[in-house]
Amino acid sequence: MRAYQAREIESKWQRVWDETGVHRTDPDVGKTKFYTLEQFPYPSGEGMHMGHVRVYSIGDVIARFKRMNGFRVLHPMGVDAFGLPAENAAIKRGVNPRDWTLNNMKKFREEQERLGISYDWDRYVATCLPDYYRFTQWLFLLFYERGLAYRKKAPVNWCPDCATVLANEQVENGKCWRCDAEVTKKELEQWFLKITDYADRLLEGLDRLPRWPERVKTMQRNWIGRSEGAKVTFTLPELDDEQVTVFTTRPDTLYGVTYLVLAPEHPLVDRLIAGKEKEGEIRAFIERMRKESEIQRTAADAEKVGMDTGAVARHPLTGEEVPVWIANYVLMDYGTGAVMGVPAHDERDFQFAKKYGLPIRRVIRPRDGELEEPLAEAYTGEGVLADSGPFDGMDNREAIRAISEHLAEKGLGGPAVTYRLRDWLISRQRYWGCPIPVVYCDSCGTVPVPKEELPVLLPEDVVFDGKRNPLTTSESFVRTACPSCGGPARRETDTMDTFIDSSWYFLRYADPKNDRLPFDPERIREWLPVDEYIGGIEHAVLHLLYSRFFTKVLYDAGLVHVDEPFTSLLTQGMVLRDGAKMSKSKGNTVSPLDIIERYGADTARLFILFAAPPERDLEWSDSGVEGCYRFLGRVFRSVTGHEELFRNRPDARPEKGPARDLHRRIHRTIKKVTEDVGERYHFNTAISAIMELFNAISEYPEDADRGTLADALETVVILLAPFAPHLSEELWHVMGHEASVHEQPWPAYDPEMLVEEEVEMAVQINGRVRDKLVVPAEADRETVEQLALNQERIKNHLSGKTVRKVIVVPKKLINIVAN
Ligand code: ANZ
Ligand code: ZN
């Protein structure tokens, strides 16, 4: 018997696996492929946290299990390595962002390696290296060629002190998160990707993803936010009957319009208020509105404020004139930036009309009655049209269609669909990202860099002072020659949002060393789609939506054969401690490295997989970790204590007695673990079944069949292989095997061994047989005891007596001592 020295065993096998290449992707194309993928990490410099350990452990069980089940598995890893923290480190500490990142990458990978995850490290990708980002640029150009990348002026959050654009998340209470300066909106030329062109297909595709969590699909649907309705064109008599179009989901309420509201930023506002009495006041109001964020403006409980412009608009069907207002709650970048106010049937309009004394006109009547007088709130239900000219008496759902079509016929609007989804603003005024491969030439305009000239490399001669985009400080970068006319030109200094880098990395893994193309479509055909994708729910509408978008564009370009990248999505739960999410800020973290040092990676993995099913949150427990460590130690000592048995291993003779019971239990356990892992990913119940089998081994009599004992121990070891890979490998070799346990076929079970057997037992009271009992052969002591005590006859015999003791002789008799 040997002591369980986890660290020693783990580093030994990690070295051997590395040398023998057992985790390298199987070249045998005759097998069915299985692509399992965990979201790659951002190498922040803080190393791995328990959340990482969890995702990787889940992915590794799946990968190892599939390999043992005869699949050809792709299980790669990489890093999402561009991003702001590297640049902040450069500004704060004067380190080079690349050195900082490469160093973190190295550290992170070393930590991952200590977990013993079965990655094919030959396929490692790092998004910040030129051999990767040159193809990110290549793909940008593909989008550009296809009309899906464009530049336009857009209002952005701008910090005047840092002289940079800020993401919405980086604006805190209207101030810059870094320097506290007041953030302003600035109109800047920015690059966008036309994700809105794919809105309908992104929605439709969700219906073909039965193995995605409903929650994620709902979040994506809401994010895309498809709204069906109509556009309605009003005219502005003061501006020569210039048209102003609104978007409405309720064209059936068109006759109930009593005013229009424009977004303060609406392009017509300027001309509408020019020369009006309250012009100055209105302009001040607009300035205030511009500063408020979209969230502030649209929050349900936010105060609705507006101002009358003094202008009027003409109703398209009645010709009536209604006042034109501007208000905070109407957003410029949704619909048309203009709405028709129908206070009788819209809650928000009702509040607004009440507040400003605007008329309320009801045009939908409930089918079974009248509306109260006066209205206490908007009537938003179904009903019949009233006061609506030729549409009076029509069912309102029918009227939605009828009025839309009527408008279309008259050229005054018509059916329309609007999405909440906006085009993806990808420009970042940052250094540590993928340069946008475009130059600006005075004579030729915007010129894409030819694909042969990629990559556009990040320059080194830059200044990091936190005051501007460092790329603009590099003369060698900015000044360039026009690829088209050869004349002097200026390079684009925006870099791409790092979400672009991660929108295609799962494709690169299929062909990671290709130096001509992002990937060969043939390799994609070999591996895609990803069969199981594992990651956090926090990416539900970012990374997961962007990746789907990329895949669809590449599908249209004929580069990939699937239009959905991830067949099945597993969103793992959080790791909690004392009921709260483990996080640096809460100070409740447990360091994976400490746990690995103390107990070994196998214990860390086993605990994480045992403590909860993957989708659920998992509560960290020191005693749970201890328990897993003790279990692995017992298995280790038990197998090493039987080295002699394995040296001269007898054939199993499980025909009768305890050997038969143990043999049957082996098969039941194989079945349970196979189904729990393979069909349901219920790793926790699989592990507990293995533990039960091991407990049965511990109780196995010394004099029972040794061959069956060896079988049972071997089964425990092979079933543990996906969960505790190092320990299993060590013990597998102790058992005298030459090849890796991870190259063994997954054990099969014999269905005949699953049939429940029954035995007849005699029930005695004080030594006299009183009854007979048929019970399942494997029933445990308590079950048998309860069954016996509940027999009618026995109950009768026992009435008035007190049971003192129950003796169970397994499979033979139960003796109840009572007086
Ligand atoms: C008149 C009306 C009458 C409306 C009624 C609703 C009920 P969803 O479902 O979110 O698409 N709206 C349109 N554009 C807007 C904008 N840029 N900013 C703020 N609100 C806007 O909502 C569409 C409805 O939101 C539209 O239908 C419009 O109000 C408003 F009984 O038009 B409705
Ligand atoms: Zn030129």
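Even glycines carry a Cβ here, placed using N, Cα and C.
Unlike curated entries, TrEMBL annotations are predicted automatically.
Here TrEMBL gives motif ''KMSKS' region' for one range in the set 211-215, 316-320, 471-475, 581-585: that range is 581-585. Tertiary proximity for the motif ''KMSKS' region' (581-585) is limited to same-chain residues at least six positions away from its ends with a CB under 8 Å from its CB atoms, namely 46, 49-51, 574-575, 620. Close to K584 (ATP binding site) in the fold, though at least 6 residues off in sequence, lie E46, each with a CB less than 8 Å from its CB. Here the domain 'Methionyl/Leucyl tRNA synthetase' (40-183) is broken down by DSSP into helix, strand and coil counts: 69 helix, 26 strand, 49 coil. Look at the motif ''KMSKS' region' (581-585): DSSP puts its residues at 0 helix, 1 strand, 4 coil.
Counting residues of the domain 'Methionyl/Valyl/Leucyl/Isoleucyl-tRNA synthetase anticodon-binding' (660-781) by DSSP class, helix then strand then coil, yields 70 helix, 17 strand, 35 coil.
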